[in-house]
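Peer 1: Copying in the features that TrEMBL gives for the protein in this structure:
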| type | residues | note |
| --- | --- | --- |
| SIGNAL | 1-22 | signal peptide |
| DOMAIN | 120-210 | domain 'Ig-like' |
| DOMAIN | 224-298 | domain 'Ig-like' |
| DOMAIN | 306-390 | domain 'Ig-like' |
| DOMAIN | 399-474 | domain 'Ig-like' |
| DOMAIN | 483-558 | domain 'Ig-like' |
| DOMAIN | 566-655 | domain 'Ig-like' |
| DOMAIN | 659-738 | domain 'Ig-like' |
| DOMAIN | 741-833 | domain 'Ig-like' |
| DOMAIN | 836-915 | domain 'Ig-like' |
């Protein structure tokens, strides 16, 4: 390049920089590996008479009419085609990367191209700063490196997913490092790094992390659960507390009672034959001895002795009208609260009723008649309740002013009976006085035969020995001859359909005559009156009139008869709508007959009003203000009058409710082609009706929905709607069904013929959805390790041999798995082609003329497939092929015999040469004849083979 003409041409070309439209430089390949060759072509092809090829600012070749000059630094590596302006460069190095320019002066053109020469990637290595880490505490740092390679780009994989940068995931040093800050249990990998440049790629061996975590999601379960309505456990109960937590490694447990550690280090704490002193706070402590973290959960356990006895007693003096009265409820066992009841109704505080602080004492001040009744006290604690025996409270009073019954006038000779009565509780004691002098004790005083001296004031004094009070009344008796006041004997109540008899008597001399009147109309004469069968019209006043036809006097007495109809029918009926949970519901007692009282019962027990149950004034209607499940049962009403009673048949109360939230039983994931059955259930009374919807459109009615064979379009939301046609309510629940395409085929394909020392890739081709792929060799899982399989790597679904070796021979299968199991490919038999190697020639290397006529040489080589053979004599090709040749033993045939073995698949040739030494006198024919004889022998030998 030192000739002056060269520099003149370069200077001229530098001034011609105008591009020719459409002229571009095309590389035979780009990028290229170090040591490769490249050809630079001008497209479209154009012949340039005068021009240069240059690299960056260095001229490679200068060409002109009649010749070309190559730069000294490129000699031996560059060839140039004048007709096409094609430039070829061999043995590329890294520093050959850059801008290449072809510049022409005749014709005028300039075209450029950039070449990238890269070093292949080898030995991709992944290192981690640590693999045993603590969740949220530690940072995992991975470093990816290669032994060789240029223009590198990095890709990080976590299992089969690519790792992307985030607030916790950081990529650095050109993406060659991966840092995961505050690792979590979901960061365990395995992690791989893939390194790529324009000519090659490589993947590291995987590294997994062992992330220790927890304890978290600590839960405590107490068995048995407390009985509904109770807030504690009964003394003597067996209680088991169980703790569980998510942790790696498994946690150790400790238990604490009221802040004091117990001698128990298992996940369960059992409390046997519990006592009240075991009431308190129980805490479960879970400890991970690697993460050094704790978690605690606490629950309160209350142990209570049940109430064993409740009695109700009077405290102090008996109940006396208008005075103070006290009842005391005495309880054996711990008590939380006490209820007082009268006639089944809860007693509330009022201006006359007072309770002690602990509710054990009730004071009524002043007591009234309305306070009479059946008293109970109920004692409650967290595990039990008990009711006392009934205390019947009768209010003592009186005596009120007595009432004396006796004739005002009596006839001499007669005996008069005085009856004294006074309203009093308990009944009074009586004393009689005549004109101030005591004559008798008791409520009845009977005179002797009357005389005129019997005329006077008769006084009755009543005395109550409980209240300590007395009261008197006086009556004047006029003594004459009768009749005295008549007396009617007979019932005050009668039942329709029955006959009654009334008897009338009167003290009279002579005996009186009698007449009977009903409601003012005379009905019969005589002292006896017998009614016919009673009807409701028989109700009224019956009057007896006694007449003394001597004294000309009469006396009258009346009696009221009440007539009632028998109870002939009772029936419980529903009023209004059917019973629906939390709504008002009423039952009525329909009756026929005269009803004095009605009593309601549930399951055979009397029913009383409470905060949810009300009765109408006549007890005819039972109303639930908010009916509950606990109200279910058999209800009856009983109707009473003095002559009869009747109880209805059972009315079974079933509380209608719901539907509550339905539950769907079905798989979450299914494969295409399969049929899935969904079962829907919901707690409801009466049982619900069901409808099914898929992605909002109705597809079925009934609790069971069976799909058609699934397709990918079957993926979506399946909704069950439960409807109760009595409560007119519905409830809905949905479930997502994920459809996975079934694996229909799995095959193994190779990227090229397997040749020893070449790279080979087997690819697992899967039709359908899969989660993982693993490889098998000779029916065993293929396990990669640095010792035995350092030249085999797995990337995604490919098995890479770098390079493949004969030791890799075997039957290979790939197994694709998804949630529904593995699918295995047919066997692919890998037979690695190799050789030839170890070429040998067998036969004599020294012969004496005359001892043998011909010499046979046999060539063999280790090769797959079997090599093809060719022969050379003194480095000159001999016609014919085959592993054996035979030559005439002559001085002219002495020399070097070379066997060339060539593998038709690997295209590798290998040769072996031996020297044949021939001694003695030769009478061999001329050279051409010898050659002919040798060829003939070769041909004959090959035909024999």
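Note: Cβ is positioned from N, Cα and C throughout, glycine not excepted.
Values in this document were obtained by computation on a predicted structure and should not be read as measured data.
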Peer 1: So which of 120-210, 399-474, 483-558, 659-738, 836-915 has the most C-beta pairs under 8 Å when paired with the domain 'Ig-like' (306-390)?
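Peer 2: Checked against 120-210, 399-474, 483-558, 659-738, 836-915; highest Cβ contact count belongs to 399-474.
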Peer 1: Considering only the recorded stretches 566-655, 741-833, 836-915, state which has the highest number of Cβ pairs under 8 Å to the domain 'Ig-like' (483-558).
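Peer 2: The stretch with the most contacts is 566-655.
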Peer 1: Can you give me the average pLDDT across the domain 'Ig-like' (120-210), rounded to a whole number?
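Peer 2: Reported value for the domain 'Ig-like' (120-210) is a mean pLDDT of 93.
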Peer 1: With the domain 'Ig-like' (224-298) as the reference, which stretch in 120-210, 659-738, 741-833, 836-915 has the largest tally of C-beta pairs below 8 Å?
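Peer 2: Answer is 120-210, with the largest number of Cβ pairs below 8 Å.
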Peer 1: How many of the residues that make up the domain 'Ig-like' (399-474) does DSSP mark as helix, as strand and as coil?
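Peer 2: Secondary-structure breakdown of the domain 'Ig-like' (399-474): 3 helix, 45 strand, 28 coil.
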